[in-house]
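All remarks here apply to the structure that follows.
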Amino acid sequence: MNALAATSRNFKQAARLLGLDSKLEKSLLIPFREIKVECTIPKDDGSLVSYVGFRVQHDNARGPMKGGIRYHPEVDPDEVNALAQLMTWKTAVANIPYGGAKGGIGCAPGELSISELERLTRVFTQKIHDLIGTHTDVPAPDMGTNSQTMAWMLDEYSKFHGYSPAVVTGKPVDLGGSQGRDAATGRGVLFATEALLREHRKSISGQRFVIQGFGNVGSWAAQLIYENGGKVVAVSDISGAIKNSKGIDVPSLLKHTIEKRGLKALMGQIQLMQIQYWWKTVMFSSLRHLAVENANGIRAKFIIEAANHPTDPEADEILSKKGVVILPDILANSGGVTVSYFEWVQNIQGFMWEEEKVNNELKTYMTNGFKDVKEMCQTHNCDLRMGAFTLGVNRVARATVLRGWEA
Ligand SMILES: NC(=O)C1=CN([C@@H]2O[C@H](COP(=O)(O)OP(=O)(O)OC[C@H]3O[C@@H](n4cnc5c(N)ncnc54)[C@H](O)[C@@H]3O)[C@@H](O)[C@H]2O)C=CC1
Ligand SMILES: O=C(O)CCC(=O)C(=O)O
């Protein structure tokens with residue numbers, strides 16, 4: 001099942017639990033706008049190359065649409081649609097005044113030079129600048145993009161509309177980015193995991209963790225778990241994985257991966273292995289897919305979906321039958337967009353916050369999000385994924401009806 005079919009299936013199940021009427025259900029599912037643009041740029045060698053860019057704006061009942069821009073070879077309309085829809089439910093779960101959107105360009109960022117990436121980002125921004133804006137649609141980084149990408153988008157957008165720092169979030173701090181945004185998704189994952197473990201009378205410090213994906217989200221999550229006394233026993237990225245059942249020294253690992261650009265460079269120093277699942281752990285998934293063929297081997301008690309839609313629905317079913325507790329993406333990784341919201345508020349106010357305030361507010365939002373999801377689980381007698389979906393869908397449905405949009 002592709003990402004859009006899986007996301008829509010979860011939405012429909014939530015709509016049924018909430019008893020939504022069929023017209024409202026249909027209007028909530030259909031995206032507001034789907035944008036597709038050709039981005040042609042000169043390569044450094046003078047040849048011309050064209051990439052397809054997308055922005056799907058799913059829903060704006062609760063506020064401006066919000067969501068990241070992904071650069072990845074597998075970006076396609078279905079995936080971007082699914083991710084945009086997930087953003088609508090995620091911002092509602094986080095209870096921040098936004099709708100949902102997502103964008104991306106089908107390209108391999110690692111194969112482009114910095115100047116090619118800059119040209120691509122600027123052309124993409126030129127093509128969509130009339131359709132985004134501080135109060136309409138506010139992009140941010142996602143897989144394959146970062147604060148530099150947002151700085152180029154801000155600069156290009158400002159050529160058309162005047163200096164507009166709040167048009168994108170996840171910017172460098174020197175350009176109005178928020179303290180703490182870089183770490184925010186990983187930190188939010190930590191706070192949500194603490195809330196979940198507390199419920200099971202456990203804490204970070206007593207647990208062993210496996211981290212899949214070691215980019216922005218995975219590496220910050222690993223670092224924060226380490227700082228809070230958790231034992232990180234395995235880490236993987238696209239190039240391979242390392243394990244150490246006594247616990248990995250995360251700060252040293254981070255230093256190596258930053259210097260050598262990935263885990264593979266560690267071959268020979270630390271044992272490189274295929275991704276393994278046999279530990280009794282808390283598993284953080286911050287890569288793309290937890291496929292059905294892996295689900296049978298997993299012995300983790302908890303899976304924290306730090307990535308968006310990392311678990312195939314068939315794998316989800318197998319894991320649920322095994323009693324694995326899954327903290328779903330739209331709650332677990334909502335710390336990123338929450339601090340993006342703080343950044344947008346700071347830009348509009350023209351007043352910047354200290355990092356401590358950002359982190360404290362983030363903790364409050366993540367803890368409240370977990371509590372609200374648990375209440376929905378009790379009301380509808382459902383698992384955490386359906387608890388999060390019913391919470392998000394219900395909040396968007398209420399705003400839609402109040403605005404008189406349901407018909
Ligand atoms: N950056 C953010 O603030 C947010 C990101 N997310 C989601 O978190 C996920 C990760 O995003 P980022 O960390 O920003 O991306 P990133 O591009 O910084 O890192 C992705 C990591 O996954 C690894 N990876 C890719 N395929 C893999 C595979 N098959 N096996 C093992 N590792 C693999 C890469 O090597 C890299 O370490 C994405 O699903 C993204 O949508 C969600 C909320 C906010
Ligand atoms: O920070 C943001 O606005 C969006 C982050 C994002 O794309 C996500 O939560 O998946």
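Quick reminder: no glycine exception, Cβ is built from N, Cα and C everywhere.
Taken from TrEMBL, the feature substrate binding site covers K66, K90, S340. Annotation comment: TrEMBL describes K102 as active site, proton donor. If you look up TrEMBL, you'll see D142 marked as site 'Important for catalysis'. The NAD(+) binding site annotation in TrEMBL covers T185, N216.
A count of other CB atoms within 10 A of each Cβ picks out T185 as the most crowded of the binding-site residues T185, N216.
Per Cα geometry, D142 is the residue among the recorded positions K90, D142, T185, N216, S340 nearest to K102 (active site, proton donor). Listed in sequence order, the residues G67, M87, T91, A94, I96, Y98, G100, A140, S334, G336, V337, T338, Y341 complete the 8 Å Cβ shell around the substrate site centroid, once K66, K90, S340 themselves are left out. A separation of roughly 12 Å, to the nearest angstrom, links the Cα atoms of S340 (substrate binding site) and D142 (site 'Important for catalysis'). Here is what falls inside 10 Å of the CA of N216 (NAD(+) binding site) among the recorded positions K66, K90, D142: D142. In the vicinity of ligand 1, defined as a Cβ distance under 6 Å, the following of the binding-site residues K66, K90, T185, N216, S340 are placed: T185, N216. Sequence-distant neighbours of K90 (substrate binding site) (same chain, 6+ apart, CB under 8 A from its CB) are G100, D329, I330, L331, N333, S334, V337, G392. On a Cα basis, K66 (substrate binding site) lies 15 Å away from T185 (NAD(+) binding site). According to its DSSP assignment, S340 (substrate binding site) is helical. When the alpha carbons of D142 (site 'Important for catalysis') and K66 (substrate binding site) are compared, the span between them is 12 angstrom. Annotation note: N216 (NAD(+) binding site) sits in a helical segment as assigned by DSSP. Residues from the recorded positions list (D142, T185, N216) with a C-beta closer than 6 Å to any atom of ligand 2: D142. Within 10 Å of the C-beta of K66 (substrate binding site) we count 29 further C-beta atoms, all protein chains included. Comparing Cβ neighbour counts within 10 Å across the recorded positions K102, D142, S340, the minimum falls on D142.
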